[in-house]
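Taken straight from Swiss-Prot:
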type	residues	note
BINDING	GLY148, GLY150, LYS151, THR152	ATP binding site
REGION	1-69	region 'Domain I, interacts with DnaA modulators'
REGION	69-103	region 'Domain II'
REGION	104-320	region 'Domain III, AAA+ region'
REGION	321-442	region 'Domain IV, binds dsDNA'
Amino acid sequence: METLWDGILSHLKGRLSRPTFETWIKPATAQQFEQDCLIIRTPNPFARSWLQQHYAGAIAQAGEQVIGRPIQVDFIVSEQSEEALKPVIEREPAPAAPPANVASLNSKYTFSRFVVGANNRMAHVAALAVAEMPGCNYNPLFLCGGVGLGKTHLMQAIGHYRLDIDTRTKIAYVSTERFANELIEAIRRDAMQTFREHYRRVDLLMIDDIQFIEGKEYTQEEFFHTFNALYESGKQIVIASDRPPQLIPRLQERLSSRFSMGLITDIQQPDIETRMAILQKKAEYENMFVPQDVIHHIASAYTTNIRELEGALIRAVAYVSISGLPMTVETISPILSPPRTRGEITDEAILELVCDELKVSAEDMRSDSRRRDISQARQLCMYLLRKYTDLSLPKIGQALGGKDHTTVLYAIDKIEQSKIRDPEVQRLLQRLGNRLEADARH
């Protein structure tokens, strides 16, 4: 058996990247080999799940090359890994280097529970790369996307991944609001040195909702120096926002520049297949029985926000459990309230409103015309689409005649600047917003 396992390791070492081999393959051991079935012992449940999902085929193929006949592989968890069954937030950190703010990590937000689809594949790949090799390729990693699309899940998955490798990893996961509040409290208590040491001595800093740093000059100043200290020390920084750095109003140029140094990746709305997969995985983890037609019905009703999608599933399961009624589409339909999203404000409604207000046609808006009035109306429409829908920049460009996403980005930035300088633009935006929201309520 040892000869077989050594041969498999030799084959895989030549095929896999060093970080992948060191992280996943090397910690595993061969437990038993009988009747052409190799039992592999893994250090924790997360490793077992990951190996089963991603490397079982490669291990079996390598084993066949070693002994000249097909083999099967199966995975078990080490008996000494009971500690790994506990959520990371319950683990007792090593006294030599206690993690920072580990208690704020949600034990459910792991890579194994993240559903990958076309809408988030790039972000998932980037997050996994950062988790495997922090401080190397994508630093900082900037995740942007609408509310409830998985940014926080991916951020915290990175944290859990690092802690699974080394529980001594010092991690700070914090919202921008909390960072600002802690800064204010540190100033009040004359404890700035403690505050700075807390955030500048971590191995991994993850800061959520960075868009709320807008206009907070002193917070931006302090975060700028924290960013620099960590970056220059080779520590990983992960940032999440509902928009790209260029679209955060009143953000210092030097911060915007640093946020753009690494990789900016956008998470878009999930398609119907991904939404169904999310519900199926949720039902599986929560031991819920939900028929496929019910899954499809809920996934069709909730299209823009994963939190509301999962909330609808929980509400449906609770209802049939309490009422004793069967789990059918007819049973749950009345208790599924309409999603509280901006989905009722459609791209067509925005386009129609702008055309009516500025007296241009939809054909003109989708054309390549650079006439001043048409160009301004088009830019305004792009801005409103970004604000009132969850369309990505490329999707907004497609809605307006196939414009490039950089054109959309420029338009949104220009309107942002105009509304600051020009009260008339600000009043126009307010008027259009009021009409859109009023129409959506009827």
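Along the chain as shown, the residues are counted starting at 1.
Here the Cβ of each residue, glycine as well, is placed from N, Cα and C on the backbone.
A quick note: this is a predicted structure, and the numbers were derived from the prediction, not measured.
Here the features listed in Swiss-Prot are placed on the structure.
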residue : record           : Cβ contacts under 8 Å, 6 or more apart
GLY148  : ATP binding site : THR304, ASN305, ILE306, ARG307, GLU308
GLY150  : ATP binding site : PHE114, ASN120, ALA123, ILE267, ILE306
LYS151  : ATP binding site : ALA123, LEU143, CYS144, GLY145, ASP208, ALA240, SER241, ILE267
THR152  : ATP binding site : TYR109, ASP208, ALA240
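Within 8 Å of the centroid defined by the CB atoms of GLY148, GLY150, LYS151, THR152, the record's ATP site, lie the Cβ atoms of GLY145, VAL147, LEU149, HIS153, LEU154, ALA240, ILE267, ILE306, ARG307, excluding the listed residues themselves. The helix, strand and coil residue counts that DSSP assigns across the region 'Domain I, interacts with DnaA modulators' (1-69) are 44 helix, 12 strand, 13 coil.
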